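**Q** This is the structure, below, for whatever I ask next.
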Amino acid sequence: MSVTMADQQPEKTTAPASDVADSQPAVVSNTDTRKETTETAEPQSEDKTATTTAQPAVETTATQSGTAETPAEADKAPAEVQQPPQAEEEKPVAQQPEQPAYLAKNPALSQFFERLPAIVSSSGHAEMWGVPLKDSNDAPTVNVLIKFLRANEGNVKLAEEQLTKALKWRKETNPSALAESTSYSATKFGGLGYLTTYKEANGAETVVTWNIYGGVKDINTTFGDMNEFVKWRVALMELAVKELKMAEATSVIDYDGEDPYQMIQVHDYQNVSFLRLNPAIKAATKKTIEVFTTAYPELLREKFFVNVPAIMGWMFAAMKVFLSKNTTRKFHPISNGANLAREFPSLKDQFPKVYGGSAPALQEGARTVSLIQDESAPAATEQSKEQANKEEAAQEESKPESAPEQPKADPDVIVQEAPAADAK
């Protein structure tokens, strides 16, 4: 064995340079052990070289693979981060700002609408002034609630109480049917109330109701039945409210601005005596005020008292003490009825001549509730007048000539306890 290795040793010493270059540099040793170790290590060195050469490739591939996978993983990570919030799915929160502006800027009105279903349920009625009460997206309904809220200076609780009472009253009374009724006596109410509608140049309409207190022929006949008088008065008011066309509204009125759904009222006291207060008038007037204050809030734009004696100025001065400024600012006493049309320059020609305009008298062109002629009432009235004349003649004959004539009671005594409070 040693001979063989001795024979091979010179061959390794004289090996070509190319063979040495292909392998690891050989360490030349004088001992056989080093040579044997070198010979044994050379194949391993080649394997290691091959392995070493292959490993970078694998590592490079792994590195490239890792580099390629990292963007993919990065792409997946943001997607996973964006999914949890799901902001688009939280629709209820996003829809809250879409609340109508008139509710967003008026929390009291918003609260009032929240109470509306309970109000309608407790009253058992869902109609006001010809407007079916719906939700906050319905302009006519919004306008109705605004009026009740304004009448109570923004107090939701008070507005709720008033609306509830008004709805219950409408359910019990059915004022719309009263306006269409034809059972009102012409003898009792003929010539006492009228309705006119005047048009502005821009097409806007002004509704005016006229109460001619001087037209009362017999106090007891007109005011004797208080309930009948109130029904007639409500019927006239309902006709005027219908002319406002609130159910046709397409826009919401400005809570703090002008309200186009209001009317003008004129109370004419021509030929009315203010010397004494008749109990029948007082009772009928008081009841009318109660009904109108509750059931017709914020429907009055202005109220004119015409042909009022100058001495009655104290009445209006006293009223300012008990009523709010918002109410009294709407009252305008005018001693001469012929000056009324001056208050409406753009409508002056449409007013009756007796009130300073150019139009015919109210009896000729104005509207009123349907009246029926009562044949028996006039006969009774004529008989009572004839009897009164006989009694008066008998008294004249029995009086001494020197005795002064006793003053007769004026039958046309009409004093409204609080005339300005007819409609708030």
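Cβ coordinates are placed from backbone N, Cα and C, and glycine is handled just like the others.
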**Q** Which of these, Lys165, Lys168, Lys171, Lys303, does Swiss-Prot say binds heme at the same site as Tyr213, Arg233, His267, Tyr269?
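**A** Among the candidates, Swiss-Prot records only Lys303 at this heme site.
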**Q** Taking the Cβ of Lys303 (heme binding site) as centre, how many other Cβ atoms lie within 10 Å?
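**A** The answer is 22.
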**Q** Need one number for the heme-binding residues Tyr213, Arg233, His267, Tyr269, Lys303: the maximum pairwise CA distance in Å, whole number please.
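**A** Max Cα-Cα spread across the heme binders: 17 Å.
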**Q** Provide the number of Cβ atoms within 10 Å of the Cβ of Tyr213 (heme binding site), excluding the reference atom itself.
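**A** So the Cβ neighbour count for Tyr213 (heme binding site) comes to 22.
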